[in-house]
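The annotation ATP binding site is assigned in Swiss-Prot to Gly173, Asp174, Arg175, Gln176, Thr177, Gly178, Lys179, Thr180. Annotation comment: Swiss-Prot describes Ser377 as site 'Required for activity'.
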Amino acid sequence: MSEQVALNPSEISELIRKKIDQFSVVSEARNEGTIVSLKDGIVRLHGLADVMAGEMIEFPGGVYGLALNLERDSVGAVILGDSSTLAEGQKGKCTGRILEVPVGKGLLGRVVDALGNPIDGKGPIESSGMSPIEKVAPGVITRKSVDQPVQTGLKAIDAMIPVGRGQRELIIGDRQTGKTAIAIDAIINQKGTGVKCVYVAIGQKASSVASIVRKLEEHGALEHTIVVVAGASDSAALQYIAPYSGCTMGEYFMERGEDALIVYDDLTKQAWAYRQISLLLRRPPGREAYPGDIFYLHSRLLERAARINADEVEKLTNGEVKGKTGSLTALPIIETQAGDVSAFVPTNVISITDGQIFLDVDLFNSGVRPAINSGLSVSRVGGAAQTKIMKKLGGGTRLALAQFRELEAFSQFASDLDDATRKQLERGQRITELMKQKQYSPLTVAEMGVSLFVVEKGYLDDVPVNEISSFEASLHDYMRSTHAALLHAINEAGAYDNEIEAKLKKAVEEFKNTGSW
């Protein structure tokens with residue numbers, strides 16, 4: 001006979017109670033949608049009810065998308081990265097976050113992609129935190145007027161088209177006219193000034209970017225620069241967000257009472273990427289097939305470049321930084337087609353920025369480099385930021401060049417010229433020759449001041465045009481070796497008075513007497 005097992009009800013109920021107590025229920029409310037179509041890096045989802053515009057959507061395999069189109073029964077999103085692992089029928093869920101990138105001093109000296117991931121093989125980045133790529137630009141009350149210069153180290157720019165801290169100065173010209181060269185020279189010239197730089201490469205060849213990074217490294221400028229790359233092989237989505245990512249990285253320094261410089265190279269390619277995304281999302285096309293908000297694309301980016309006052313810096317740092325203003329200076333680059341500055345995107349960006357540096361193909365091909373067209377170039381707010389010596393000595397340069405260009409065109413038809421006209425033409429030729437400058441050889445304020453002084457005071461009038469370059473180089477060497485204290489004094493204060501003028505006059509006359517050029 002089998003042995004009967006005695007069941008004690010109280011023991012059973014105790015066991016059940018224990019099991020219930022130990023059972024953990026973690027519920028997760030998720031807003032999920034299903035992929036109904038996937039093509040050309042654009043995904044359409046059905047069932048995402050509470051998604052926000054610009055929100056990150058997470059897909060299987062750690063792939064993220066950006067919600068751009070919110071329609072009645074579906075959501076249009078653009079894939080950030082590789083979409084080859086996704087398929088129709090898969091789920092996409094809301095994250096409740098907008099796109100953020102790492103910021104901080106740990107990014108300096110590094111090359112990152114549009115999402116802030118390192119691509120230079122130097123290991124992970126120690127960032128100071130994350131910051132959203134889209135921010136509201138500083139308001140009128142929080143801004144401070146531009147009155148400090150950003151020295152580019154290029155005579156033609158610092159004398160005629162000065163750039164101030166917090167300004168937006170457009171560099172515009174056809175392909176292969178030296179636009180990137182000007183921007184890279186400006187970054188190299190910030191070495192030792194405390195200005196942090198961000199270089200955003202949009203739609204460029206990987207070989208070109210590698211060459212730029214190598215040049216920055218050679219000149220010791222990479223250690224104060226962040227390079228953000230959305231190359232030609234990257235998706236249109238990454239090319240579209242790269243400038244915003246770079247801007248956020250630059251704003252980190254501005255908000256802490258420091259000065260930063262950002263170069264967008266170039267915004268034409270960002271506009272093309274955004275046009276591609278908009279057409280794939282079936283948004284109605286407008287002029288040149290660009291969407292209706294193409295102006296807003298660039299204005300909301302460039303308005304974030306500003307100089308903010310000390311109160312705003314103190315507020316943003318919770319009182320940690322007091323009495324310091326912060327600035328973000330932008331140098332956007334626009335590529336024109338056959339010199340057409342009246343096309344849609346160039347006119348938009350010209351109207352947004354505080355001036356433009358116009359580069360001319362004909363000048364470039366005739367050997368005038370940097371090929372700056374002084375007649376079409378302008379700086380709307382930089383004059384207030386110019387140092388005294390540059391303002392005093394460089395003031396007449398622009399006018400003299402403009403008159404020279406006019407007379408040059410006229411003199412081609414005239415057979416005999418009077419003395420005054422001939423003198424003006426010769427002076428213009430000498431100024432044009434003096435404004436030429438080799439790449440990667442930025443000058444200090446004092447060196448530029450000396451060059452402008454000799455042309456302003458007529459010391460070049462008896463120097464043959466073809467010897468001006470060697471004259472200038474020898475003069476700079478002479479000043480560095482025998483008048484270093486004077487150069488140091490000018491560099492420190494940027495001042496120009498009767499005493500400095502007398503010293504410069506004496507030094508230049510001494511040099512001319514040696515005839516050593």
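In case you wondered, yes, glycine gets a Cβ from its N, Cα and C as well.
Just so it is clear, the model here is predicted, and its values are computed rather than measured.
Listed binding-site residues: Arg175, Lys179; maximum Cβ neighbour count within 10 Å falls on Lys179. Mapped onto three states, the DSSP output places Arg175 (ATP binding site) in coil. In the three-state DSSP scheme, Ser377 (site 'Required for activity') is classed as coil.
A gap of 18 Å separates the Cα atoms of Gln176 (ATP binding site) and Ser377 (site 'Required for activity').
A count of other CB atoms within 10 A of each Cβ picks out Thr177 as the most crowded of the recorded positions Thr177, Thr180, Ser377.
Rounded to a whole number, the C-alpha distance linking Arg175 (ATP binding site) with Ser377 (site 'Required for activity') is 17 angstrom.
Reported as a whole number, the C-alpha separation between Thr177 (ATP binding site) and Ser377 (site 'Required for activity') equals 15 Å. A simple way to gauge crowding: the CB of Gly178 (ATP binding site) has 19 other CB atoms within 10 angstroms, across all the protein chains here. Under DSSP, Thr180 (ATP binding site) is assigned to a helix (H, G or I) in the three-state scheme. Same-chain neighbours of the ATP site beyond Gly173, Asp174, Arg175, Gln176, Thr177, Gly178, Lys179, Thr180, judged by a C-beta within 8 angstroms of the site's C-beta center, are, in sequence order, Glu335, Leu359, Phe364. Distance noted between the C-alpha atoms of Gly178 (ATP binding site) and Ser377 (site 'Required for activity') is 15 Å.
Cβ packing within 10 Å was compared across the binding-site residues Gly173, Asp174, Gln176, and the lowest neighbour count falls to Gln176. Per Cα geometry, Gly173 is the residue among the binding-site residues Gly173, Asp174, Lys179, Thr180 nearest to Ser377 (site 'Required for activity').
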